[in-house]
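Below you'll find the structure, written out as structure tokens, and then a few comments.
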Amino acid sequence: MKSPATEAPAEPGPPPIKTRRFSVSLVWLVPLVAVLVGLSLVIHSKLQEGPTITLNFKTGSGLVANKTEVKYRSVVIGHVSAVALSDDQRSVNATVQLDKQAEGFTREDSQFWVVRPRIGAGGVSGIDTLLSGDYIGADIGQAEGRAKRFKGLENPPPITYGEPGKRFTLHTQDLGSLDIGSPVYYRKIPVGQVVAYALDADGKGVNIEVFIHAPNDAYVTDNTRFWNASGIDVNVGANGVAIKTESLSTLLVGGIAFRAPEYSPNDSAAAEARTYELFDDQQTALAPPSGKAQYLTLRFDQAMRGLKVGAPVEFLGIEIGRVVSVNLDFDEVQRSFPINVGIVVYAQRLGQAHKKMLKALKHDPDDMTATAQVFSSFVANGLRAQARNGNLLTGQLYIALDFFPKAPKVAFDLNARPIAIPTLPGSLEILQEQLQAMLEKINKLPVERIAGNLDGNLVELRKGLMQFNSRTLPGVQSTLADVSKTLQSASATLAEDSPQREKLSETLDELGRMSRSLRDLSDYLGRNPEALIRGRPSNAPPIDLQGPPRN
Amino acid sequence: MATMASTAQLIICEHCDCVYQQVVLGKHQKSLCVRCAGVLERYNGLTVEQRLALTITAAMLWLFANFYPIMTISLQGLKNSATLWDSVLALSQGPITFIAMVAAIAIIIAPAFQLMLLIWVLAFALSQRRAPAFKLCMRWLETLRPWSMLEVCLLGAMVAVFKLAGMLAVLPGIGLFALAALSLLLIRIAGRDIRELWALP
């Protein structure tokens, strides 16, 4: 600062300048824009970010953090953000960051699975993952509840994306060659597939879940029967050999077919999740329902070779059941080994007869005592069981229930359970016995003595024949030669021009004349008997001119 | 005092050590050395405030370049994207781990340090003061300059993009644009002309 001059007039000094403490230059807009852009990017990605879920898989094979995607209908809906072992080291937890739009996939029943190349019953799937790497497939659920943790499926669910159709449960004894993806046929057209199977709670059967696609699910009706169409059905009958199979693929992967019996009145489409029985083949499936099973026991005193479990039981030639057990027993009194055969019969297979019988007897099939009484009356009328030969070649036996009015009476135990039906030896056994008796009689014949005598006789006969040959035959030959000579001379004698024959004819002529004169004589004598005494008058007319003789 | 004041007004040619008196330059002007014809000084249009603003912008761009993917490639559904840090990690898993360290220094660490030091020094310079450890900071800024090789990285990334474009579907990411902007900005703000700051009291 300069010192002010005292003599000179005061010059105007510069006014004090006040600078704004915080002057903001326009240049600050540049970092501001950068920050805004950054913020917008961050906010945008935050807004895009959907829920985070954890999937639990058995292995982490194919799962890569920040790379593996989650897809629904081939559209990316999220990605795996981390893959880590679970706390107990038994599985793998994949943390998935879902997109905002994929919020619905947190529904409790959503499904997740790893898509890999697979060759299964239904064909080949997931080929595209050979190049792109595995991804996680997702299927949205329907439930209202939300979840954060999901159990990943080991296999892709066969039915996804809320496909229209119906699910049904089939109950069977064993799975057979069926598998998930095995086709379901209706009139040989594939209309669905097996989607799941599980053992019963008690382990005594298998429940198979099938899915029938719309609109063919309408053909599953209340009367529909399902049967296992796996493999080949070879039928050898009187008409030849018939080989049937649903399709070539069922040979490999099995299959199920269904159909309602041709006559199914008042049939309506089945409700979802209905349970059906899965029959072994079409024939049993379409057969009329068997109804209540009635277990019976039979006791045979003969060998039951050829009787197998499953052999048919026929009543008057109609198949009404089958053999369920063949067991050896020991009879303490007789010290013998009878055979107990358990059979099951289905009275309903008798059809009309069964209905009529129920009506006539006013019988309730569920009342065991009444049933025993019905059987008792039948047995009194001669109902007996018999093991018969179904096939002479193979010796297969079947059980026949028939009425034998002449059968010996037996006591019927009303309290025995299962009901015991008395038996008769089989027809072949009776035949066998008769044959044996005949053989025994034949055995008793003095065959050796007869044979000895016969032998002696034969020796004698041979001797006689030899004698005949050596002695008699030459004689016979000479005799025959003589005979021939005689015949020759005879023929010479009888020849046309032989003198003997000439003489003979002359003699015959003479004989003729003689007989004529004799007749004349006899005629003359007839008319003139006196001539016998007087001789012939000299004037007598010739014989021819005389009249007929008078009496 | 007079000698001190006069030395502050002098400038030395960095190529041939010829001494000149500093002159005030206008727009589009530069001073040249008489002896070697090298550039002594260019017109610097940035005030301290502007430089600080741009430095903060550069810091933002550095964040983008490091946290957003540089590029995304996809082939038949096989998809991959990488950030700068991913590329360093990829190098470290290869047989030449040492190169990964060099790359990390050249494209991530060196620019980051440059930006931090600039912000530190310029923030204090705004109020006409020397920042604490001013000398150390200024010397490190000089040392780091040759190590910051964002331009090289940018060129490499662009060559990769163009080369791969024929074979794969290549999608340049936000990171690549941020990297391009950052490398240009860094040349402008962390250049030699920050030596003006030595004039601070």
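Cβ atoms here come from the backbone N, Cα and C positions, even for glycine.
Here the domain 'Mce/MlaD' (A:50-120) is broken down by DSSP into helix, strand and coil counts: 7 helix, 40 strand, 24 coil. Annotated domain 'Mce/MlaD' per TrEMBL: A:50-120 (among others), in sequence order.
When DSSP labels each residue, the domain 'Mce/MlaD' (A:165-225) comes out as 4 helix, 33 strand, 24 coil, counted as helix, strand and coil in that order. What TrEMBL lists as domain 'Mce/MlaD' is A:165-225 (among others).
The feature domain 'Mce/MlaD' is assigned by TrEMBL to A:294-403 (among others). Taken together, the residues of the domain 'Mce/MlaD' (A:294-403) have an average pLDDT of 83.
For A:529-551, the entry in TrEMBL reads region 'Disordered'.
Among the features that TrEMBL reports, transmembrane segment is placed at A:22-43.
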The domain 'Mce/MlaD' (A:294-403) - residue tally per DSSP class, helix then strand then coil = 27 helix, 49 strand, 34 coil
